[in-house]
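Participant: Take a look at this one; I'll ask things after.
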Amino acid sequence: MGSAAAPVRQLDPHTVAELRSAAEKILAAFGTSAASPALLEHVARTAGAFSDTLRHHCRPVDTDDGLFVLRGLDVDDEAVGPTPEGWATAGDSGAGALYDLTLLLLATVMGNPIAWEGQQDGRFVHNIVPAPGHETAQTGASSAVLLSPHTEDAFHPGRAHLLMLGCVRNHDHIATTAAGIRKTRLSDQDIETLARPVLPILPDDAYAEAQGYTDQLPPAVPALFPAEDGTTLRFDPAYTPVDRADATYRAAYRRLEAELARVSVSVSLAPGEVLVVDNDLVVHGRVPFRARYDGTDRWLKRASVRVPGRRTRPPAEADEHGYGQAALEAHAS
Ligand SMILES: O=C(O)CCC(=O)C(=O)O
Ligand SMILES: [Fe+2]
């Protein structure tokens, strides 16, 4: 694993002030970051009036890294209060809500934020904190184990194009890992093999309801897709029954895994930094750590964004059932 620096987009003080005042106004008007149709409309209108400078900071990923870090937002460590011991108690008022709204605004500039009825109560901005009892899970709530590199919500055809991870607190400098498909070297033969729909990707442990879905069989999906401007990937080995494939496929899959490990970078987010990952180009994960459970634990805010008009995925995804899960879009598209 390398520690090559991720491309950084430094927000200028004027843009930071523009964002802060927008988030403050919305919080003053609604008293919460909990999404209502009226709040979302307010967010859309506000984001639509942002400066060109802010918009430019939010332009699409423009390097082979497939990601960037927005730097410069300020987080008042005292004001956000203790790290909750689980997403459910994170609350949606005060300084934490200000961060939720800032992410929601940024997400709206980049595309259309999405939420899942089946995850974190349908919130548009999730709280990622270590939770007692989940230490070894393959979800954001874990800590003691490596969270293996994955495409976010890989099981679903409506998954995000962009994943945003905003750091509230990270005293122990615990790194998110990121590996971009455009940095890997694979033979044409392997790419061809992995572009065949051979295996399903099953719903992850954050989706209890989807895991109980039995109406239709899990669809086999390609891990790689040769899109117009380069290869994209859909990859989640922890939820893929790789041993069901033949030896040729398994070997190619393992080589993809090894290549992703080789090009993986560590991004240790500091408070106020927002990692933006292109979910079609980059798989992300997290190194293991020891949770503190004393109110000072690592705390990230997460938003998922769809970018209208993208053509980076196989058209056949349109026929997938998505295990009965539906993504809610923040804004009419
Ligand atoms: O904790 C992290 O750095 C990443 C966790 C993760 O995979 C996610 O929030 O989607
Ligand atoms: Fe994730």
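Heads up, the Cβ atoms here are built off N, Cα and C, so glycines get one too.
What TrEMBL shows for this protein is this:
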type    : residues         : note
BINDING : H150, E152, H284 : Fe cation binding site
BINDING : T176, R298, R302 : 2-oxoglutarate binding site
DOMAIN  : 236-303          : domain 'TauD/TfdA-like'
REGION  : 309-333          : region 'Disordered'
Participant: Quick one: pull the CA-CA distance for E152 (Fe cation binding site) versus R302 (2-oxoglutarate binding site), whole Å only.
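Facilitator: About 11 Å separate the Cα atoms of these two residues.
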Participant: Counting across all protein chains present, how many other Cβ atoms fall within 10 Å of the Cβ of E152 (Fe cation binding site)?
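Facilitator: 21, counting other Cβ atoms within 10 Å of E152 (Fe cation binding site).
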Participant: Including all protein chains shown, what's the count of other C-beta atoms within 10 A of the C-beta of T176 (2-oxoglutarate binding site)?
Facilitator: 23
Participant: Enter the number of other CB atoms within 10 angstroms of the CB of H150 (Fe cation binding site).
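Facilitator: That number is 21.
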Participant: Roughly how many angstrom lie between the C-alpha atoms of H284 (Fe cation binding site) and T176 (2-oxoglutarate binding site)?
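Facilitator: Answer for this pair: 7 Å between alpha carbons.
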Participant: Excluding H150, E152, H284, which residues of the same chain place their Cβ within 8 Å of the centroid of the Cβ atoms of the recorded Fe cation site?
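Facilitator: Apart from H150, E152, H284, the close residues are P149, T151, A154, L163, D236, V277, N279, V283, G285.
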Participant: The record lists T176, R298, R302 as binding 2-oxoglutarate. What's the largest Cα to Cα distance among them, in Å, rounded to a whole number?
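Facilitator: Among the residues the record ties to 2-oxoglutarate, max Cα distance equals 13 Å.
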Participant: Between R298 (2-oxoglutarate binding site) and H150 (Fe cation binding site), what is the CA-CA distance rounded to a whole number of Å?
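Facilitator: Rounded to the nearest whole number, the Cα-Cα distance is 20 Å.
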Participant: Roughly how many Å lie between the Cα atoms of H150 (Fe cation binding site) and T176 (2-oxoglutarate binding site), rounded to a whole value?
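Facilitator: For H150 (Fe cation binding site) versus T176 (2-oxoglutarate binding site), the Cα atoms are 12 Å apart.
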Participant: What is the total of other Cβ atoms whose distance to the Cβ of R298 (2-oxoglutarate binding site) is within 10 Å?
Facilitator: 22
Participant: With DSSP helix as H/G/I and strand as E/B, how many residues of the domain 'TauD/TfdA-like' (236-303) fall in helix, strand and coil?
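Facilitator: Grouping H, G, I as helix and E, B as strand yields 23 helix, 18 strand, 27 coil.
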